[in-house]
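One structure, pasted below without further comment.
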Amino acid sequence: MSSSTLLHLLLLSSLLFSCLANVEDEFSYIEGNPNGPENWGNLKPEWETCGKGMEQSPIQLRDNRVIFDQTLGRLRRNYRAVDARLRNSGHDVLVEFKGNAGSLSINRVAYQLKRIHFHSPSEHEMNGERFDLEAQLVHESQDQKRAVVSILFIFGRADPFLSDLEDFIKQFSSSQKNEINAGVVDPNQLQIDDSAYYRYMGSFTAPPCTEGISWTVMRKVATVSPRQVLLLKQAVNENAINNARPLQPTNFRSVFYFEQLKSKVCAI
């Protein structure tokens, strides 16, 4: 190989690396940075909602500020195992389903499960407490409406869903790959206890911060091992090691709460 050809390849590699870095650094989770969360709305015209939107997520969820609504009922979901890929966006690790991974029904509208994002620490807080991890299951209806189901985690036993994906997640930190085929992935492995949950209207938690998102946040906390969270953190860039957006104002929004009532057994 001639020296000029080698130089050309080095320049191309440098340019490619620079482009990838720029994509990853479009926004940061580090408060005080020029591209930090308080400035997202000023970085691009199409991200203006991040700064000016009135229904932004995440928010603080407090039991003493909710509207109890028993008509919500248990979640009507029907998930199925299907081929999926893992993608490293630089800001988070996500699972993207290639086929029909099943659906969630809200107000008689079917929302197809599309992808799952992971954020550590959690983005939502519950009664003043922030948790070690949050999984966000993004769903989409035929008319492009979106609904997100959120699971909060504390350190404890390993999460079975992430356990099946650990070997794939490791590859992100040991190679330059940003997309990996994960084979068949079963969303039913997720620890979803829908006997109690919060619901409110909000937004996506990363630019462009699109509003009109129906959020359902599980009240019961699941468990994840510290090692599993570490693997997720090692995969992303340094601006997203703690990839949780700061809490946003509730702005007079209603937060509804469902809890399944325990049946009472009467002695005769």
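Start at 1 and count along the chain as shown; that gives each residue its number.
Glycine too: its Cβ is placed from the backbone N, Cα and C atoms.
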Looking at Swiss-Prot, which one of Cys19, Cys209 makes a disulfide with Cys50?
Cys209
Of the candidates Gln70, Gln136, Gln228, which one does Swiss-Prot list alongside Asp92, His117, Phe118, His119, Thr205, Ala206 as binding L-ascorbate?
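Given Asp92, His117, Phe118, His119, Thr205, Ala206 bind L-ascorbate in Swiss-Prot, the matching entry from Gln70, Gln136, Gln228 is Gln136.
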Taking only the Cα atoms, work out how far Ala206 (L-ascorbate binding site) lies from Cys50 (disulfide bond), in Å, as a whole number.
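Between the Cα atoms of Ala206 (L-ascorbate binding site) and Cys50 (disulfide bond), the distance comes to 8 Å.
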To the nearest whole angstrom, state the Cα distance for the pair Cys209 (disulfide bond) and Phe118 (L-ascorbate binding site).
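It is 16 Å, counting Cα to Cα.
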